[in-house]
Amino acid sequence: MAEQTFLNEINKRKTFAIISHPDAGKTTITEKVLLFGKALQKAGTVKGRGSNQHAKSDWMEMEKERGISVTTSVMQFPYQDKLVNLLDTPGHEDFSEDTYRTLTAVDSCLMVIDAAKGVEDRTRKLMEVTRLRDTPIITFMNKLDRDIRDPMELLDEVETELNIACAPITWPIGCGKAFKGVFHIHRNEAILYQSGQGHTIQDARVIPGLDNPELDKAIGDELVEILREELELVVGASHEFDQNLFDKGELTPVFFGTALGNFGVDHMLDGLTQWSPSPMPRQTDERVVEATDEKFSGFVFKIQANMDPKHRDRIAFVRIVSGQYTQGMKLNHVRLGKSISISDAVTFMAGDRERAANAYAGDIIGLHNHGTIQIGDTFTQGEKLKFTGIPNFAPELFRRIRLKDPLKQKQLLKGLVQLSEEGAVQVFRPFINNDLIVGAVGVLQFDVVVQRLKSEYNVDAIYESINVATARWVSCKDGKKLDEFKRKAEANLALDGGENLSYIAPTMVNLSLAQERYPDIEFHQTREH
Ligand code: G4P
């Protein structure tokens, strides 16, 4: 019986994140998803501007000043007979390496696309990251209450630009002012949209069957004719949903709707909870760990400082891979070879930090961290394992960092190395000079680093611009060739915070020339911890 409960608990969990370009509607859809999860009384409180719901740390204040949405990190809510974990992926200026790494901690992703715009830059990049694990993708075409692009063209663009087949599950009936709803291809019914109901769960009118005369009456002759024609074409020309291809990340079910109007979000959630995988097995250096393994195991994918001013410590976010967490249990911090008693892990139920009595594979728990936990660390119930696939990502923005007081060089370096171990930024020390180069994925990280250097390491630092376009970690199987490369390319080489050899390129062209010139050297965009 107990075992049955344990298996049920794990199998009902669905852990996902949202990938989208800024302004496509991630925050809005999160609000509606939580509304369906009954996690919020009334949608519209996730952003929390001016609300007292969220602990406001110094740098959350900073985020607020800049008008960045202060979303919670992990939200758990029930949906039908499932338990859903939605992991936040910072998207605006707070975009960072954490965003990428969060995608390595989920079992599926929801891709939200602004249907007036189509596939945008950030989505492309995030999709690339999900390809590292071939994560299953569900697609939501948003903003149907506006004039959108031709839906067929949108599917085509997703297929060609993101290299994933599209299986439309719903199909839009009109758009903009003429948006009437969607036809649910799988359920063979039309679901009609009512505007102005965005803050509630709508009791939508449903008309079964495409040839139902009721439908002609409800949406008008012209739209119904277009719908029938389009559907004939779509069903013939596009892919059917295939669970196997979806699981492999080769095919995405596509839903249409409007997050703002709270229409279509439930269709997407139905699909997500039905099709997306329960907690998946994970690779370690030793063996594959199944979610249903009895013993607890998990890895750290994100570290966040100062979430709560009452606790000045950091929180390490652990994705539970197998087993169950219970309060007070002893865990092995594998890298340090230390057993620690975890009495006060936190979960993130619908925006509030609560003490977690129990958590299962698929869930996220937060461990209080006084600097001993790093990104990529593994926790187990004793076994010496190291989870793989939680990489560092090559930074995309670079600045030289300089001290106001040159005597504090040691503290500066120590702070930077620790912050890079935590995954906040990367730091590079060139071979040929004494520069310290800070690299980040998102621009806010630079300010966060300066602020944390001041408050935690008592150093005043400032940035200067530097002519660096990109960085790659380098390796070579042939030691001799690597030595030769080190000699010849010295001017572009540096060590990162973990003493790993890195190539610093002033331009993308310089990088491709180097790659051509040194074919035996491998240039990596990610680096395992
Ligand atoms: P993001 O988190 O992906 O950046 O997007 P967010 O949800 O904040 O949405 C960006 C803007 O798009 C918001 O408007 C939001 O109201 C709007 N939006 C989201 N979904 C829909 C939709 O289905 N239809 C329409 N018409 N608009 C939608 P804003 O004016 O920039 O912000 P706000 O003042 O409403 O917060």
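Think of each number as a place in line: the chain as shown, counted from 1.
Cβ from N, Cα, C; glycine included.
Unlike curated entries, TrEMBL annotations are predicted automatically.
The annotation GTP binding site is assigned in TrEMBL to 20-27, 88-92, 142-145. Every protein chain considered, the tally of other Cβ atoms within 10 Å of the Cβ of Asp23 (GTP binding site) stands at 15.
Feature annotation from TrEMBL assigns domain 'Tr-type G' to 11-280.
Over the domain 'Tr-type G' (11-280), the average per-residue pLDDT in this prediction is 88. Around the Cβ of Leu144 (GTP binding site), 28 further Cβ atoms fall within 10 Å across all displayed protein chains.
Filtering Ser20, Asp23, Lys26, Thr89, Leu144 by Cβ distance to ligand 1 (under 6 A) retains the following binding-site residues: Ser20, Asp23, Lys26. Here Thr89 (GTP binding site) comes close to Ala17, Ile18, Ile19, Lys26, Thr99, Thr102, Leu103, Leu126: these same-chain residues lie at least six apart in sequence, with C-beta atoms under 8 angstroms from its C-beta. A 10 Å cutoff on Cβ-Cβ distances gives Lys26 (GTP binding site) a total of 26 other Cβ atoms nearby, all chains included.
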